[in-house]
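Some features that Swiss-Prot has for this protein:
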- G15, A16, G17, K18, T19, T20, R121: ATP binding site (BINDING)
- T19: Mg(2+) binding site (BINDING)
- D37, R61, G83, R140: substrate binding site (BINDING)
Amino acid sequence: MVEELPSVFLVGPMGAGKTTIGRLLAKQLGRSFVDSDWYIESQTGADIAWIFAKEGEAGFRERETRAIDELTQQPQIVLATGGGAVMAAENREYLKQRGIVIYLNAPVDVQMARTAKDKSRPLLQQPNPRKILQGLYSARDPLYREVAHIIMPTGHTYPRHMVNQLLQQLNSFCISTSVDSEPEKD
């Protein structure tokens, strides 16, 4: 059943493991992996921090929406989105309608541990990053849940084990949706 999967889109906060899990999942599925932030960087020739500095968050979000639109139309990929991709209503629609969305749900403590020394995250280059992460989590968690077909807690197990769990959930999801979509027989 997993061969019949549409594209798989990973959403969640920064530090949730979207890139790590996405790479491993793509390898297991025999698919291409794309990180939307890397895609934006390759399209613009500039890194995310530079785009934020020159165009502000609004400029970056416009680029992100174009990228999400393009990438969600590619067949059978595994896509890791940026943490704020769900803020735009059109991105949420693209994700929900064009593939299976997995929400990697990482508690703020896990996010802090994974992003503490990362200087490439513009939103955290301010005093009190924990407060910023808590605010982002509170604002975005309902949106991640809105688009998610599958919710997977992160930070409590090894990435390879998580991928195995996701493969089982994806297989179950495919079975349940194919049964639901079959016409009823009289």
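Note: Cβ is positioned from N, Cα and C throughout, glycine not excepted.
For D37 (substrate binding site), the spatially nearest entry among the binding-site residues A16, G17, T19, T20 is T19, judged by CA separation.
Taking the C-alpha atom of K18 (ATP binding site) as reference, the shortest distance to any of the binding-site residues R61, G83, R140 belongs to G83. Distance from the CA of G83 (substrate binding site) to the CA of A16 (ATP binding site) is 9 Å. Apart from the site residues D37, R61, G83, R140, the chain places the Cβ of M14, E64, T81, G82, G84, A85, V86, M87 no farther than 8 Å from the centroid of the site's Cβ atoms, the recorded substrate location. For K18 (ATP binding site), the number of other Cβ atoms no farther than 10 Å from its own Cβ, over all displayed protein chains, is 28. Packing around R140 (substrate binding site) is summarised by its Cβ count: 18 other Cβ atoms lie within 10 angstroms of its Cβ, all protein chains included. Ranked by CA distance from R140 (substrate binding site), the binding-site residues G15, G17, T19, T20 have G15 at the top as the closest.
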